[in-house]
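Taken verbatim from TrEMBL:
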- B:21-38: transmembrane segment (TRANSMEM)
- B:68-86: transmembrane segment (TRANSMEM)
- B:152-174: transmembrane segment (TRANSMEM)
- B:279-297: transmembrane segment (TRANSMEM)
- B:349-372: transmembrane segment (TRANSMEM)
- B:434-455: transmembrane segment (TRANSMEM)
- B:461-480: transmembrane segment (TRANSMEM)
- B:487-508: transmembrane segment (TRANSMEM)
- B:528-552: transmembrane segment (TRANSMEM)
- B:564-583: transmembrane segment (TRANSMEM)
- B:589-608: transmembrane segment (TRANSMEM)
- B:620-641: transmembrane segment (TRANSMEM)
Amino acid sequence: MTVAYGHQRVLDGLSVAISRGGITALCGPNGCGKSTLLRSLAGLQPLAGGQVLLEGRPLQRLTRRERARTLAVLAQANETPPGLTVTELVTHGRHAHRHLLGGLSAEDRRAIADAIEAVGLTAEASRPVTALSGGERQRAWIAMALAQQCRVLLLDEPTTWLDIRHQVELVDALRVLNHTRGITIVCVLHDLNQAAAIADRIMLMKNGKILHDGTTGATLMPGPLRETFGVEMWRLDHPASDLPVCLPSFGPVVGQVSGTQA
Amino acid sequence: MSEIARWTSTRQRPSRPFYPLVLAALVVIAAVVLLRLADPLSTLMRATGAKEAESASFLLWQLSLPRLLAALLAGGAFALAGTVFQAATRNPLASPDLLGVTAGAQAGMLVGLAVPALRPLAGPPLLFAFGLGAAALALVAAGGWRAAPLRLLLAGGACSLLFSSLVTMTLALFEQNIAGVALWSQGALYQPGAQGLKTATLWLIPPIAVLPFLLRPLEALALGDDAARSIGVAVPFTRLLAALAAAALTAAAVAIAGPIGFIGLLAPNLVRALGLYDLKTVAPLAALTGAALLLAADGAVAGTGLSTGLSTTVATALVGTPLLLALVARGRMPAPTSRGDVATGGRTAPFLVVALACALALIALCAFGLAWGEAWLSPARLVDAVSGRDPIAALILDIRAPRIAIAALTGAMLAASGVVLQSVIRNALAGPEIIGVTQGAALVTLTGSLLWPLLGRPGAFGLALSGGLATLGVILAINYRQRFEALRVALTGLALGGLFAALTYTLIVETSAQPARALIWLVGGTYGRSWADALALLPWFVATLPALALLARPLDLLALGDDAAAGLGLPIALIRGLALLLATILASTAVAIVGPIGFVSLLTPHLARLLGFHRHGARLPIAMLLGALLTVTADIVGRAALAPTEIPAGALTALIGAPYFLWLMIRRPATRDDHR
């Protein structure tokens with residue numbers, strides 16, 4: 001697919017296949033086109049060429065409602081209208097399931113309560129979203145996406161505004177959702193270690209191209225990372241989980257680490 | 001990517017070169033100056049006798065040159081004021097007469113004409129006093145010193161409406177001086193001598209001297225109040241100073257050239273549409289553009305010899321509107337963060353309780369309105385009238401009842417139109433007046449009624465509706481490719497609205513034998529409306545109700561932002577188009593019957609919000625009930641207060657509603673949400 005803003009081609013002849021039921025992380029330097037790729041996958045970005053296939057069907061052919069029932073997308077910065085409560089926000093997620101008129105069906109209510117519970121906001125359900133903390137607010141938005149009962153969830157930097165605890169909680173929550181509900185997740189992440197913790201597949205992007213695509217073990221290596229970010233990185237193993245841990249080699253640290261290793 | 005991200009990413013790009021704009025503006029200015037001065041200069045050169053030379057130099061120094069300077073100064077000052085207001089409020093739709101400066105100055109002008117004791121002060125001093133007084137009032141109502149941008153916008157809007165309704169009312173009541181003031185209301189650059197210009201120019205110096213110190217802090221405000229504060233900007237002080245400087249600039253410009261505030265809206269947006277955002281670049285360029293625009297417009301007026309009718313405002317609108325439209329259509333404009341609504345927290349009363357209370361109040365008020373008037377109709381007589389036993393009472397009822405019914409219907413319709421537009425455009429200042437629909441409908445209706453004086457009710461309907469729909473059609477056609485993106489729609493509408501309003505005023509001054517009558521229609525009123533009018537309006541109202549009910553939920557979704565709404569499966573372009581169409585129908589049909597009644601559509605949606613209703617399902621009905629209440633009250637008071645003289649309901653809606661609105665704002669101080 002090709003995406004262009006004006007004359008500037010952001011994605012040029014890119015071809016991507018997302019594995020069903022997996023968690024894919026998109027990583028890369030700022031402005032490499034990863035958010036654009038995510039928006040294109042979500043059908044929010046008009047394509048200059050190519051197409052997006054969702055479960056074998058072209059995205060453009062699906063009706064908006066069909067698409068919204070299959071695929072949910074969460075933007076990086078969300079506007080929260082004042083006065084909107086958590087329940088009301090999550091109820092919006094049922095839009096594609098409801099008739100234009102009429103109240104909520106029993107199934108709608110179940111899906112809403114279920115989504116709020118899944119993100120652990122049951123106690124906050126009737127509070128205004130603007131009154132929540134950053135982490136709770138992000139989880140409220142994820143609950144809205146869950147209420148869509150989608151099979152694919154696209155997230156743009158979901159952990160950016162959160163503290164460590166909320167980051168860990170969110171990563172865990174996403175993995176649980178992936179495991180228990182089989183939801184395919186694609187997320188843009190800046191933190192490589194988070195990507196390693198959550199994803200089973202990582203795509204490294206640069207200048208609108210995918211440089212490396214593979215398991216966390218294969219992609220999070222000094223070579224591909226240097227190529228992508230232009231930074232010398234160290235690859236360690238997490239003492240508890242054996243997952244890759246990436247460390248940028250900050251100047252003075254290099255000597256020490258290399259010293260101990262040598 | 002969100003709107004915010006797109007906005008910032010364009011900001012990161014190197015600024016576009018601005019030399020072409022500077023060059024174009026300078027060329028325009030030079031050309032007009034040369035053309036305009038060529039005649040008096042050559043007369044001066046060729047003058048043979050001393051007397052001839054004297055008169056020629058008088059012509060040059062006292063008439064031609066002052067007028068040119070006036071155009072340059074006023075255009076530049078309006079543009080600077082607009083730039084500053086837009087930066088201080090982070091709202092690209094803020095106009096220089098935001099704080100009611102223009103309307104206040106107009107009031108000052110009227111006072112100068114009306115009160116003989118103040119005659120010596122008439123002109124700049126009185127205009128300043130009133131203009132700045134109005135600005136101060138708006139500032140105080142907004143919470144003064146620490147007012148958040150949105151509160152400032154709304155308080156200013158309410159104040160402006162209050163003053164201008166006062167002015168129009170006075171004009172309508174005292175017909176004698178109307179032509180002069182109406183002409184001045186159009187903007188006139190004719191300068192009798194250089195003295196007045198000199199005085200006004202002196203007033204321009206302090207605000208311009210302050211500007212260099214203001215621009216950098218204002219630039220920081222674009223990041224949001226918190227970010228600005230954290231880098232050490234005194235946010236409240238900056239905003240206060242900016243408001244004062246802009247108000248002073250506007251007052252001076254108004255004193256020089258009359259209320260041509262449209263330039264202040266237009267010039268900065270023109271510069272930004274070229275892809276320039278840095279305030280230190282935008283401010284001088286906007287001033288230059290504004291000066292060139294006004295000069296060119298005035299040159300066109302003087303050059304074509306149409307100077308009596310084609311006023312400067314019209315010419316400005318004629319020159320500026322196509323420019324802005326072209327830029328909007330070319331799609332060079334990234335959307336800045338648009339401000340949604342006034343966010344006021346507070347306890348929410350249950351919807352049903354408030355709705356029921358409003359409905360009961362409306363019924364009681366209608367009953368009261370039927371009974372009260374020059375002749376009091378007791379309940380018994382009302383019953384008699386309906387059953388046909390009291391012909392006199394039946395006659396009175398036949399006059400009062402349709403007016404009340406029409407007031408209630410149009411109030412509700414205008415309020416609904418306002419709610420829908422504010423949600424779709426995502427700007428608290430939106431309303432049918434902002435997207436130009438009201439002006440379009442008014443212009444076409446007025447033109448029609450002048451061409452065919454015997455035009456019937458259906459004709460007026462057709463004209464208003466076609467005017468409103470044509471305006472909408474142009475707006476949609478221009479913005480089709482951008483999926484009716486909110487800010488573009490608003491800017492297109494503003495440009496068209498300014499043009500239409502100016503043309504309407506010209507039409508009145510130029511052609512009408514009874515300018516007062518036309519002006520009263522422009523204020524909006526229910527005088528002399530019959531059952532036939534009410535019956536003509538009813539189907540439109542009834543037909544739009546289900547559409548409103550259907551749109552309530554999509555509008556809620558749209559408030560989450562375009563991407564989120566699209567992600568949830570909402571066809572945003574379709575919904576926007578439909579909502580705009582609906583709002584246009586609601587506003588134009590109401591305008592066809594009662595004329596462009598102000599205030600209702602702009603401020604009742606905020607009233608509903610101030611009462612704690614955010615969801616459209618609740619906000620729409622409450623706003624509609626409030627709109628009906630307000631218009632019916634205005635109708636009853638206007639009919640009875642100064643009987644037998646009628647006060648047009650349109651003037652009273654603002655007169656009654658604006659103080660209530662300001663009071664609500666003061667009573668509910670800013671909450672956490674307001675400062676976002």
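Here, residue 1 is simply the first one shown, and the rest follow in order.
Placement of Cβ uses the backbone N, Cα and C atoms for every residue, glycine included.
Curation plays no part in TrEMBL annotations; they are all automatic predictions.
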Other parts of the chain folded back onto the transmembrane segment (B:564-583), taken as Cβ under 8 Å at six or more residues beyond its ends: 416-418, 420-421, 423-424, 432, 435, 437, 469, 472, 475-476, 483-484, 489, 544, 547-548, 551, 554-555, 557-558
Surrounding residues of the transmembrane segment (B:461-480) on its own chain - C-beta under 8 Å, 6+ positions past either end: 325, 328-329, 432, 435-445, 447-449, 455, 488-489, 492-493, 496-497, 500, 536, 577, 580-581, 584-585, 587-589, 591-593
Top Cβ-contact partner of the transmembrane segment (B:528-552) among B:349-372, B:434-455, B:589-608, B:620-641 (pairs under 8 Å): B:589-608
Close approaches to the transmembrane segment (B:21-38) from elsewhere in its chain (Cβ under 8 angstroms; 6 or more beyond its ends): 60, 64-65, 67-68, 72, 271, 274, 276, 285, 288-289, 291-292, 295-296, 299, 302-303
